[in-house]
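Report on the structure given below.
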Amino acid sequence: MKSKTRFDRRRFLELLSAAGVAVYLPGCGSDDGQPPANPPASTKKALVLGGGLAGLSAAYELQKKGWDVTVLEAQAHAGGRVLTQRDGFENGQYAELGATRIPDVHDHTIAYVEELGLKLEEFPGGTPLYYLGGQRFVHTEGTPWPLAGLSPEEAMEGLGMWSTYIAANFEAFGNPRDGSFPREGILEQYDKMVMTDFLKEKGATEAWLPLYVSDNGTEVYKIGCLAWMALEVADQDWDLTYHVQGGNDQIAQKLAEKLDGKVKFERVVKSITQDDTKVTVTVDAKGTSETYEADYLVCTIPFKPLRDVAFSPALPDDKQKAMDEVHMMTASRAMFQTKTRFWKNDPLGELGGLKLAKTDTKAERVWDLSATQPGDTGLLLAYMQDENADDFAALAAPEREAYIQAEMAKFFPDIEAEKLSFHMKVWAEDPWSQGAWTEILPNQWWMMAVIPRSEGRIHFAGEHTSIWAGWMQGAIESGKRAADEILQKA
């Protein structure tokens, strides 16, 4: 991993790629990007659908410019998929059920954390446990990786082969940050390819793939090459990883406070109508129909639940096609609070780091959420994706604890004796997102031009409209972009 580079906020350039994806640069809109000292009274009104980070960001930026904003949120709380659980844990500990990490290169997120007076805390490093092919081991730098089938170079470099298989191709692909992604010919060559096939094309052995997946998650087996490489290039200087001290949901809470009563909860959107002068939204407010009107609208509702919303006039065919075909990653999180942090006294030596265990079991990666938290109790999170998440979700709720405990016992045999409590979040069962985040599959890069495109007075934001799908950075960046689009139009 490269040495840490601190990005100036101006490093983000507007991305005008062949796919039409836009990365928002603060201050490239109607003015310098700073709020006026005393925002003027305004007759301009904006509706924002969704009180997650994308919707709150859009509303906050518009309010800075004096707009009258109203946020309509289906749930009883702000934050969406930035969801922190505090109930049910001893010693004041908490767990992130959704977005957890803030890379040091995610400047939109970090800027908001600083602006809102919150504190970033670094996840500590450490020695992770590996459990691959039935082998339980730790790796010491400079020694061969004990995995059969690796090439001689892979056996010595291990995950360091990222430089050869991925980073060596950055120049050929271009960079979303400067508008050169994807370069000429890349779309035609790689849009059809899943990421693991790209790795094999570049020389990776079948034996190396589970090692890479154990570090990155099983979505690597399904995600389109272009979507994965866009993120790899954009975040290539990622070094340190943070979270908000006390819980990431504080970002949403602070933004909602800044909006001072403009967020209306338990409003389920039923219809969106627009004409040449206004946008009208009808919602179900706990059994009562309500209607709202505004000059412009920002829609941050994920595309799967958005299928249930009636549009008049209908959306263009390509937008509707994207809505119908977009794939949501199915991620499940299973958490055990433990009596002690027993992994610090492992027979292989002290284990540590956020990614505490990297495995090819059904539990996938196990994260140590207690690493930055007080007390002697531990808090482990099994982070399942794709088929592993589906298998977990397919079980009856009472069966899930025993299932995932048995998987974790393969590499942490003390888990049963150490367990204090069990908690879980199955994102596929969440009615407001119907999945964890948007995943662009092979032959779907065309969606990256269509999904974020405005339609008349309706603008779209959310992680699903950004190259940073699944990240707080993508939500915030897209909310700022949508607000800037409206400011430029108005």
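Note: Cβ is positioned from N, Cα and C throughout, glycine not excepted.
All annotation found in TrEMBL is predicted automatically rather than curated by experts.
Note on the domain 'Amine oxidase' (53-487): its mean pLDDT in the predicted model is 98. Sequence annotations record features per position, and here TrEMBL assigns domain 'Amine oxidase' to 53-487.
Around Gly98 (FAD binding site), the C-beta neighbours below 8 angstroms that are at least 6 residues distant in the chain are Gly80, Arg81, Val82, Leu83, Asn248, Lys425, Trp427, Ala436. Secondary structure at Gly98 (FAD binding site), taken from DSSP and collapsed to helix, strand or coil, is coil. Annotation source TrEMBL lists FAD binding site at Glu73, Ala74, Gly98, Ala99, Thr100, Arg101, Val269, Glu463.
Within the same chain, residues at least 6 positions away in sequence whose Cβ sits under 8 Å from that of Arg101 (FAD binding site) are Phe123, Thr241, Tyr242, His243, Leu354. The substrate binding site annotation in TrEMBL covers Arg101, Tyr383.
Figure note: comparing Cβ neighbours within 10 Å for the binding-site residues Glu73, Glu463, the maximum is reached by Glu463.
Neighbour density at the Cβ, taken as the number of other Cβ atoms within 10 Å, is lowest among the binding-site residues Ala74, Ala99, Val269 for Ala74. Spatially close to Tyr383 (substrate binding site) yet at least six residues away along the chain are Gly217, Ala331, Arg333, Glu364, Arg365, Val366, Trp367, judged by Cβ distances under 8 angstroms. A 10 Å cutoff on Cβ-Cβ distances gives Thr100 (FAD binding site) a total of 20 other Cβ atoms nearby, all chains included.
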